[in-house]
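A short write-up of the structure that comes next.
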């Protein structure tokens with residue numbers, strides 16, 4: 001990652017306080033550590049280690065691209081994680097020391113993507129499976145941190161292998177499975193060879209999604225896309241039984257876990273969690289969760305276990321009463337916007353795709369979720385009185401919700417032709433200013449029961465990306481992707497000043513004294529402008545690569561923060577024009593950033609669904 005090189009050496013690091021995020025699409029990505037106190041899961045390029053009881057978080061940084069698989073050794077001393085990378089490049093496996101929370105070694109051989117990883121039962125070996133462009137299986141020595149041997153993972157006339165699972169007793173046996181292929185491998189260490197044996201499934205042709213090994217190695221179980229389970233014998237390499245015969249699991253069996261006391265925990269792609277036993281595989285206990293289940297991880301023997309779903313929910317389920325508790329949730333789409341209510345840092349709201357969520361700042365808990373199916377929310381703003389949360393949607397509507405209950409208060413239909421792309425409110429709560437995809441800026445009068453269009457201001461030629469209103473509500477500034485920022489007079493409802501630059505403007509802020517504005521966008525420059533005559537005062541180089549998408553200024557105006565495609569959060573001194581602090585932690589493009597009222601935190605949101613809370617570096 002060339003982009004993550006920090007600028008000048010005297011720049012301090014921002015302190016990361018908390019992360020709200022979990023990538024639920026990683027198969028078996030959620031793991032409960034054998035100490036039974038910590039959950040380990042991926043988010044973008046980062047791996048989070050979260051204490052179950054205290055919610056204290058630690059971060060493992062080291063991957064240059066998204067983490068694609070994760071595994072923990074039996075004793076819990078080692079963590080191994082693999083990543084995706086660009087076509088033809090080597091994808092790294094990183095071996096971590098769990099206790100020291102640090103990187104031990106980088107293992108690179110595979111190209112493109114690491115599909116799956118598994119440790120041998122006595123931590124002697126690590127086996128890795130390359131992605132579709134690589135197609136090889138490699139056994140690594142954990143002690144020597146080096147490859148022992150490798151081989152193509154699947155035969156010539158079958159599909160790719162996507163799953164690997166180690167024997168629970170022998171260090172020399174593991175199983176790979178995938179599209180039409182199930183192989184049991186034996187490691188011959190003196191000759192440095194691994195030898196596969198194809199498993200016979202007779203007439204059944206299946207694509208394997210998930211695997212589980214019994215504790216005594218007597219059988220292993222394979223969950224398929226068809227929605228049934230194959231039970232195989234690793235010694236005879238024959239099919240023992242399959243099921244269920246009738247009601248197969250909808251959208252495939254995406255997770256399988258064997259329990260010590262016998263029986264299986266099965267998760268389906270439709271979010272159904274089932275406890276069942278061979279050979280009938282009929283549900284003995286079942287539970288419907290939200291989102292397709294991608295990981296089931298046991299805490300200890302399995303009296304309690306954790307389930308991760310594609311919609312980025314983490315549930316805790318106790319085995320005896322089979323009831324779920326939602327312990328963590330976050331956005332599973334790109335987060336578009338973040339906003340604090342006026343004058344309080346206790347909560348904030350974010351929007352992503354079809355969701356608007358309200359979060360409690362200190363505990364990272366979701367307080368409220370508002371969902372409008374099949375729509376995309378582009379921007380949100382709190383009314384100054386805190387009674388409504390105004391949102392801009394791609395179906396051209398402005399919707400206002402009650403922030404405590406999520407009740408829809410009113411809708412302004414067809415507010416804009418090509419979707420509403422930006423929104424702002426005035427501090428007297430009587431007006432909403434909205435911008436659309438066609439470039440119009442519209443001023444709406446909001447009464448107790450009525451919403452009336454006051455004026456449509458047609459100047460911009462392309463979509464409006466950001467709107468900020470002056471404190472006295474007499475003026476506002478709109479930034480657009482046509483390369484102009486326009487300062488509007490909200491009393492006479494016409495244009496005061498126009499700012500031109502060769503860039504797609506993404507964000508704009510008033511300096512608190514309101515005689516200057518700062519803008520930024522795709523040309524990576526941060527520009528200071530005179531409000532009075534629209535002349536440029538100075539330009540700063542905002543980032544080394546990629547657009548700047550978010551910007552916010554403190555209440556005093558001494559510092560401002562920016563974030564963008566380089567994944568870095570930067571704190572700037574306004575007068576000096578120098579970066580004072582840099583925050584490294586995002587693994588997606590930063591879409592929005594805000595300083596909390598009272599200057600306690602900086603909250604930034606990114607395209608991988610993460611919300612990061614940073615400690616504001618200066619005493620207010």
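Along the chain as shown, residues are numbered 1 onward.
The backbone N, Cα and C atoms fix where each Cβ goes, glycine too.
As written in TrEMBL, here are the features:
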REPEAT    107-142  repeat 'WD'
REPEAT    413-446  repeat 'WD'
REPEAT    457-490  repeat 'WD'
REPEAT    541-582  repeat 'WD'
REPEAT    583-620  repeat 'WD'
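The average pLDDT computed over the repeat 'WD' (107-142) stands at 93. Secondary structure of the repeat 'WD' (457-490) per DSSP (helix as H, G, I; strand as E, B; remaining residues coil): 0 helix, 20 strand, 14 coil. Here the repeat 'WD' (541-582) has, by DSSP, the following mix of helix, strand and coil residues: 0 helix, 24 strand, 18 coil. Residue counts for the repeat 'WD' (583-620) under DSSP (helix as H, G, I; strand as E, B; rest coil) come to 0 helix, 19 strand, 19 coil.
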